[in-house]
Structure formats: C-alpha cells, structure tokens
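As annotated by TrEMBL, domain 'G-protein coupled receptors family 1 profile' applies to 35-311. The transmembrane segment annotation in TrEMBL covers 20-44, 56-76, 96-118, 138-157, 177-204, 254-271, 291-313.
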Amino acid sequence: MITENSSSKMDTPTNISLTVSVFLVLLVCGVGIVGNIMVVLVVLTTRHMRTPTNCYLVSLAVADLTVLVAAGLPNISDSLVGAWIYGHAGCLGITYFQYLGINVSSCSITAFTVERYIAICHPMRAQTVCTVSRAKRIIAGVWVFPCVYCMLWFFLVDIQVNRDNRVQCGYRVSRDLYLPIYLIDFAIFYVFPLLLAIVLYGLIARILFMSPMPHRADTAATAAVRGTCKESAEPGNKASRPARSRSGVSSRKQVTKMLAVVVILFALLWMPYRTLVLVNSFVATPYLDAWFLLFCRICIYANSAINPVVYNLMSQKFRAAFRGLYRCQEQEVQRFNSISKEFFYFTYAGFVNLWFINSCLCPLKKEVTTTHKWIQQKALC
C-alpha cells in the first residue's frame, strides 16, 4: 500500500525487518483470505444465515478480501524484489482495488450500523425496511459509489524511478496537492462512519441495555434480528412467550456486541496508518521508519483478517454454520473417496473379466481358425 509520495526517502529495511515483514504479511493475509471466503460460503450456502445483517457482512468480507489480495500480496513481492514488478497497468489497477476495498469496507460498516439502529430502536419500521431485498439494493449502492469515487486514483498514481534506479509505484502529484484529497478521503471514509457509529450505538445501548422494551416491539425487533423482518408472533403456548422474549433480547445483545467490536477494531487498527499520513502531510520531513510502516501495514491487514475470528468467537450461529460447512466439506471428501474406491473396484473387476475372457476364448478362436483353414485346403485339393 502506498503511504507517501515516492519522492520521499524511506528507511532501508534490514534483512530482519524484511523477513519479519514477509512472514507476518503472509500469515495475516493467509488467515484473512481463508476466513473471509468461509464467511461468504457460510452465508450463501446456509439458508437461515441469509439475513440483512449477514448480507452486509458478506459485503464487508468481499471488501476485506479485496484489500488482502490487492494490498497484502503485492506488498510481499515488492518487499522481496525491492522494486515494482507489475508495470504501469498494475500500478493503476492494484492501487484502485486497494482503495476500493478500503472504502467499501467503511461503507459496509456504516450500512450495518444503520440497519442495527433501525432494527432495534424502530422495530415496527424495521419490518418493512430491514429486508434482504432492500439490503441487496443498499449493498449495490455501497459498491457503486466507491467504484466511481476511486477512479480518481487512476490520475494520481504512476510508476517512477527512485534514486536507486528502481521502479516504484507512487504518487504523481506533490504532497501539497494530495493533502485536500486525503482530508476528503479521511473525513468520508473514517471520521464520518466512526462518529455515526458512536451516536447510533449509543442510542442502541440505551434501548437494549438500559431500558425494558415492550413485548410487541420486542417481538418485531426479534424478527428483525433473525433476518426476516417480516416475522409475526406465531400461535403457540402463552407460557413460552417470556422464554422467547428473553431469547430474543439475548440474541439482539449478542449481535449488537459483535458488530460493535467490529467497529471498534476498525477504528483502532486504522488509526496508526491514518495518523501517520495525516502527520506526514504537514511536516517537512516525513516519518517513514521501516518498522513503524510495517506495524501500520500489519494493522490494516489484521483489520481485514480479524472479522471472521470475531464472528466465530461472539456468534453462536456463525460457529454452528462454520462447523456445518466443515462437516459438509468432510462429507464431500468422504463421498469422493467412496466413489473413487467403487470406481477402482469396478474398473479392476472389468479388467479381470476381460483378461479371463481373452485367456479362455483366444485359444479356442485360434483352434477354430486353424480347423477352418484346413477344411478350405482339403476342399481345394
């Protein structure tokens, strides 16, 4: 990931820092790629996991995958080779997808924060607003806006040759011109989402943790959390309603805590990089210590990799779905092995039968052919 104008000189990394950098980036990116793919597969293949909130989490997982692939993996080759190896098109495309993933991640967090606020603080309205179809339309907008916005980077980056005659992918504009662009980006995709999250989660906490909710609102909010947002009270034993109500409150608290942790991690893990670029934009000599840059990069990659771990630790439904996905994969492997064994046995049996037929019939065929030739010779005589 680009952190400063390429004309600024960065401290030369030592062999130790290079080894640590490659190892940590590989580890974090590997865990993050596998985890986010599992999140996408779990939601797409498990029917009861297709809720509005989980739709936003799929969008966040795809955005995190984009960050890890476009920012993490090229960083490894850049560290090992010491130069940019992807050319001009790679510089434009990879930079575009880096910031696209970052900005979509921020927009997805904002979207599910607003969805949680409506589902819990306005449960009656949530029945018509918090639907899967509406979530899909919002996600489309969440992706379209950053796609258009990030096209700006096609005009801001280019490959350059540094003082060591090595090709680098860096900014083509000066730091003074880049400052307003960064401040706009900083405000839209970091400050505004965090301020909105602080306000909305404060309102959610007041409703969810500090005041009792009426039974009707509780039923509607429970339906919103479970994902249908259209679920009505089912006829049944009246004695079981308090138990269902307590279960609904517990489920809402669990989901809200999990999403709040995601927002807090987003704020904390992005803070070092955002602070570094903000400070370097105003000082004469940018601070580009190799170890601190590594720390900033690892924090960014960790933010994109840690969300599946949070889901697994804090959500019973995600844990069960992850286990179900693992069991399904295990059953598919066992089924494939069983089919392979049966195919081998049938093939082996077929070869044995073919050998038996050939070994038994070939001598008889030769004898009949020899006899036939002898009769023909006698007839000619």
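Glycine too: its Cβ is placed from the backbone N, Cα and C atoms.
Residues of the same chain lying 6 or more positions beyond the ends of the transmembrane segment (291-313) and with a Cβ under 8 Å from any Cβ of it are 1, 3, 10, 17, 20-21, 24-25, 28-29, 31-33, 35-36, 38-39, 57, 60-61, 63-65, 67-68, 71-72, 75, 101, 105, 258, 261-262, 265-266, 269-270, 272-273, 276, 319, 322.
Scored on C-beta pairs under 8 angstroms, the neighbour of the transmembrane segment (20-44) with the top count among 56-76, 96-118, 138-157, 254-271 is 56-76.
Mean per-residue pLDDT, taken over the domain 'G-protein coupled receptors family 1 profile' (35-311), amounts to 86. Remote same-chain partners of the transmembrane segment (138-157), defined as residues 6 or more beyond its termini with a Cβ less than 8 Å from a stretch Cβ, comprise 2, 55-56, 59, 91-92, 95-96, 99-100, 103-104, 107-108, 111, 169-173, 178, 181. Among residues of the same chain six or more beyond the transmembrane segment (56-76), those with a C-beta under 8 A of the stretch's C-beta atoms are 1, 21-22, 25-26, 28-29, 32-33, 36-37, 39-40, 43-44, 86, 90, 94, 97-98, 100-102, 104-105, 108-109, 111-112, 115, 135, 138-139, 142-143, 262, 297, 300-301, 303-305, 307-308, 311.
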